[in-house]
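One structure is given below, encoded as structure tokens.
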Amino acid sequence: MALYDNIKVKAYGKVNLLLDIIGRRDDGYHMLNTVMQSVSVYDTLELSIDSTAPEGMEIVCDKEGFPLDSSNLIWKAADIFKEQTGITYGGKLIVKVEKNLPSQAGMGGGSADCAAMLKAMNTFFCTLKDEDELCEMGTKLGADVPFCIRGGTRLCQGIGEITNKLPSPDCAFVIVKPDVSISTPEAYKRYDLMKSPPRSNLDYFLKGLASGNVFSTSIYLFNVFEAVMDMPEIAQAKQDLKEAGALNTLMTGSGSAVFGIFEKESFAEEAAAKLAGKYSYCKSCVPVKSGYELMWVNR
């Protein structure tokens with residue numbers, strides 16, 4: 001049974017500051033070296049219980065195309081949490097979603113919502129699961145979910161389930177999404193066809209990050225999928241961000257969102273204002289130290 005009447009949380013998006021593929025497991029999953037960063041753009045989830053209704057679940061969202069059934073990672077997160085903890089809802093669990101993070105963007109929107117659902121349920125039902133236990137559940141739902149549960153700045157390895165905390169960069173970002181979508185399976189398929197893919201310099205990137213110098217960090221931004229997804233819309237977004245003052249630019253995840261890194265938040269805000277008329281999704285943001293934030297609870 002729920003401890004509260006309702007609870008509302010933020011599910012922060014992410015960018016990949018570095019993304020490299022270093023191998024492939026026998027089961028077909030690709031092995032990664034990636035540095036992920038939580039950023040201050042987010043979806044919200046609000047949980048409540050209708051105690052007059054039968055045991056069940058309902059997702060409410062007015063975003064066109066957003067799945068409201070059991071195919072949604074939020075629903076899957078609730079199912080696995082319920083199974084692992086043995087809780088009952090005591091009625092219908094209603095999840096109201098405000099969807100701000102774009103889909104097929106490489107910003108981890110689905111994984112962020114999934115992670116936030118696990119953490120919100122842990123509070124809502126007072127089940128006292130620690131982060132390791134939540135990450136174990138999350139790994140079954142998606143490779144980025146453990147990162148989104150922990151959040152901040154992390155080196156993620158394996159298929160993404162191994163995470164190690166890193167110092168956060170002192171910088172700001174502008175994220176734009178061109179009007180093109182990229183399928184993650186297609187991106188990996190194209191990577192597998194490459195004979196000599198480019199390689200990152202992880203050691204130099206980590207040294208730059210540790211120095212606290214945004215210029216040193218920005219030099220070694222890397223995403224192997226940029227070489228794979230040779231799309232004019234991505235190239236144009238990178239050029240637009242550079243012309244708006246970005247120190248460097250990078251596609252995040254398997255795309256199609258692209259971010260520029262800036263020395264100061266005010267610089268990023270000015271750049272976003274310049275580009276807002278060109279891109280339907282254009283946001284300035286800063287690094288945050290968590291993938292999740294509790295907004296409020298009501299008893």
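The backbone N, Cα and C atoms fix where each Cβ goes, and this holds for glycine too.
Just so you know, TrEMBL annotations never went through curation; they're auto-generated.
If you look up TrEMBL, you'll see Lys14 (among others) marked as active site. Lys14 (active site) is surrounded by 28 other CB atoms, counting those within 10 A of its CB over all protein chains shown.
Averaged across the domain 'GHMP kinase N-terminal' (72-152), pLDDT for the predicted model comes to 97. TrEMBL lists 72-152 with the feature domain 'GHMP kinase N-terminal'.
Ala112 (ATP binding site) carries a helical DSSP state (H, G or I). The number of other Cβ atoms within 10 Å of the Cβ belonging to Ala112 (ATP binding site), over all protein chains shown, comes to 30. Per TrEMBL, the feature ATP binding site maps to Pro102, Ser103, Gln104, Ala105, Gly106, Met107, Gly108, Gly109, Gly110, Ser111, Ala112.
The active site annotation in TrEMBL covers Asp144 (among others). All protein chains shown were included, and the count of other CB atoms within 10 Å of the CB of Asp144 (active site) stands at 28.
Counted with DSSP, the domain 'GHMP kinase C-terminal' (231-279) comes out as 23 helix, 9 strand, 17 coil. The annotation domain 'GHMP kinase C-terminal' is assigned in TrEMBL to 231-279.
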Where does Lys14 (active site) sit by DSSP, helix, strand or coil?
strand
Expressed to the nearest Å, what is the distance separating Gly108 (ATP binding site) and Asp144 (active site) at their Cα atoms?
7
Could you check what DSSP calls Gly106 (ATP binding site) once collapsed to helix, strand or coil?
coil
Which one, from the binding-site residues Pro102, Gly106, Gly108, Gly110, has the smallest tally of other C-beta atoms lying within 10 Å of its C-beta?
Pro102
